[in-house]
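Engineer: Sharing a structure below in structure tokens format, with a few things to ask.
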């Protein structure tokens with residue numbers, strides 16, 4: 001009898017002990033802060049209170065707060081991994097292919113620029129007032145920015161005195177480059193202006209080395225030589241050549257070079273969309289006084305009346321509005337592209353854009369060009385292509401050295 005009692009006692013002692021959790025833990029499945037004897041877990045584990053009869057091993061040690069059991073943890077992990085992989089599939093495409101995004105920026109930049117240049121030159125054919133048209137370009141862009149800010153697309157970034165000091169020289173360079181470019185567009189053929197402005201990589205390289213102190217390899221300098229030679233050949237035999245158009249295009253090269261360099265510095269504090277919006281506002285105030293002084297009297301006397309008499313009031317206003325919209329949008333995309341690439345790469349892309357503009361402008365306006373001008377333009381474009389290949393190869397070598 002005694003042995004039978006002892007055997008029952010031993011059998012009962014060998015069974016796993018049951019722990020009734022608190023009501024809060026039982027209802028939500030959360031572990032409490034009560035310490036569980038490690039020996040009980042080792043012997044067979046604790047049983048979750050209720051209908052579940054199989055032992056569930058608790059984590060060792062048990063933490064306070066919501067902690068899942070090992071059984072629950074192993075059951076949840078695959079779902080969590082699947083969810084994560086699904087999220088990566090949805091959001092990781094653009095991150096996996098950044099070159100595709102940058103390429104789309106370049107394409108839209110080129111497309112809008114071609115439309116702008118064709119419409120802009122058509123306006124100058126019946127309304128030759130580049131200072132006033134430059135103001136209209138910026139004014140339409142500023143109205144667009146204010147309307148976008150009012151609906152939160154994008155959200156307006158606050159302006160402080162430090163950033164304002166950075167943006168003022170950028171806006172001044174932008175205003176000077178914009179006005180001088182339009183003076184050149186009004187004076188000579190669009191194709192010739194863009195041929196002169198193909199020298200922008202040369203000015204960017206010079207500014208990067210002598211202003212920013214960056215070392216430019218001799219091979220890059222040599223690759224820019226065909227660009228200079230080609231532009232010189234094209235200039236000597238350009239049928240629409242005049243010094244006003246040539247000098248204005250050269251001044252715009254210098255101005256836009258400094259704009260690119262200082263814009264890159266300013267982007268550390270604000271996104272490119274808001275930066276260009278503030279630049280447009282400041283540049284508008286910079287361009288307005290010269291337009292009033294230089295062209296104001298002529299516009300009031302006969303400029304507006306002549307344009308309305310030639311094309312009508314509706315078309316005149318419509319042309320000014322759309323040329324301003326295309327100008328703002330293509331410059332906004334150019335600024336967004338600059339945010340993704342280095343200034344020199346941006347300059348090269350700018351020159352390749354001119355290939356499209358030159359080609360489409362010749363087709364649209366039927367401009368006659370001499371054989372030497374065509375050869376010079378081709379040499380300049382080939383020089384830019386050579387420069388791009390050398391620059392890309394150097395950047396790839398730098399990335400490989402950093403990875404090793």
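Think of each number as a place in line: the chain as shown, counted from 1.
Every residue, even glycine, has its Cβ placed from backbone N, Cα and C.
Note that the structure is a prediction, hence the values are computed from the model and not measured.
Not my notes, these are from Swiss-Prot:
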- 75-98: topological domain 'Chloroplast intermembrane' (TOPO_DOM)
- 120-131: topological domain 'Lumenal' (TOPO_DOM)
- 153-209: topological domain 'Chloroplast intermembrane' (TOPO_DOM)
- 231-274: topological domain 'Lumenal' (TOPO_DOM)
- 295-372: topological domain 'Chloroplast intermembrane' (TOPO_DOM)
- 394-404: topological domain 'Lumenal' (TOPO_DOM)
- 1-74: transit peptide (TRANSIT)
- 99-119: transmembrane segment (TRANSMEM)
- 132-152: transmembrane segment (TRANSMEM)
- 210-230: transmembrane segment (TRANSMEM)
- 275-294: transmembrane segment (TRANSMEM)
- 373-393: transmembrane segment (TRANSMEM)
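Thinking about packing and proximity, how do these listed features fit into the structure?
Structural biologist: Sequence-distant contacts of the topological domain 'Lumenal' (120-131), counting only residues of its own chain at least 6 positions beyond either end whose CB sits under 8 Å from a CB of the stretch, comprise 179, 182-183, 185-186, 190, 287, 290-291, 294-295, 298-299, 303, 306-307, 310-311, 316, 319-320, 323, 327, 361, 365.
Sequence-remote contacts of a segment are chain residues at least 6 beyond its ends whose Cβ falls under 8 Å from one of its Cβ atoms, and for the topological domain 'Lumenal' (231-274) they are 154, 156-157, 162-163, 166-167, 169-170, 173-174, 176-178, 180-181, 183-184, 187-189, 192-193, 195-200, 203-204, 206-208, 211-212, 332, 335-336, 338-339, 342-343, 346-347, 367-373, 375-377, 379-380.
Assigned with DSSP, the residues of the topological domain 'Lumenal' (394-404) fall into helix, strand and coil as follows: 10 helix, 0 strand, 1 coil.
Using a Cβ-Cβ cut-off under 8 Å and counting only residues 6 or more beyond its ends in the same chain, the transmembrane segment (132-152) has close neighbours at 120, 123-124, 175, 178-179, 182, 277, 280-281, 283-284, 287-288, 291, 295, 299, 303, 320-321, 323-325, 327-328, 331.
Remote same-chain partners of the transmembrane segment (275-294), defined as residues 6 or more beyond its termini with a Cβ less than 8 Å from a stretch Cβ, comprise 131-132, 134-135, 138-139, 141-142, 145, 148-149, 156, 159, 167-168, 170-172, 174-176, 178-179, 263, 266-267, 328, 331-332, 335.
Listed as Cβ neighbours of the transmembrane segment (373-393) (distance under 8 Å, sequence separation of 6 or more from its ends, same chain) are residues 191-192, 195, 198, 201, 219-220, 223-239, 344-345, 348, 351-352, 355, 358.
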Engineer: By DSSP, what is the split of the topological domain 'Lumenal' (231-274) into helix, strand and coil residues?
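Structural biologist: Counting residues by DSSP class gives 33 helix, 0 strand, 11 coil.
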Engineer: What residues elsewhere in the chain lie close to the transmembrane segment (210-230), defined as a C-beta under 8 angstroms and at least 6 residues from its ends?
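Structural biologist: 198-199, 201-202, 261, 351, 375-384, 386-387, 390-391, 394.
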Engineer: Summarise the topological domain 'Chloroplast intermembrane' (153-209) by DSSP state, stating how many residues are helix, strand and coil.
Structural biologist: 47 helix, 0 strand, 10 coil
Engineer: Using a Cβ cut-off under 8 Å, which residues of the same chain at least 6 positions beyond either end of the topological domain 'Lumenal' (394-404) come close to it?
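Structural biologist: Residues 217, 220 contact the topological domain 'Lumenal' (394-404) from elsewhere in the chain.
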Engineer: Residue counts in helix (H, G, I), strand (E, B) and coil for the topological domain 'Lumenal' (120-131), per DSSP?
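Structural biologist: Taking the topological domain 'Lumenal' (120-131) as a whole: 9 helix, 0 strand, 3 coil.
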Engineer: In the topological domain 'Chloroplast intermembrane' (295-372), how many residues does DSSP call helix, how many strand, and how many coil?
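Structural biologist: Going through the topological domain 'Chloroplast intermembrane' (295-372) residue by residue, I get 70 helix, 0 strand, 8 coil.
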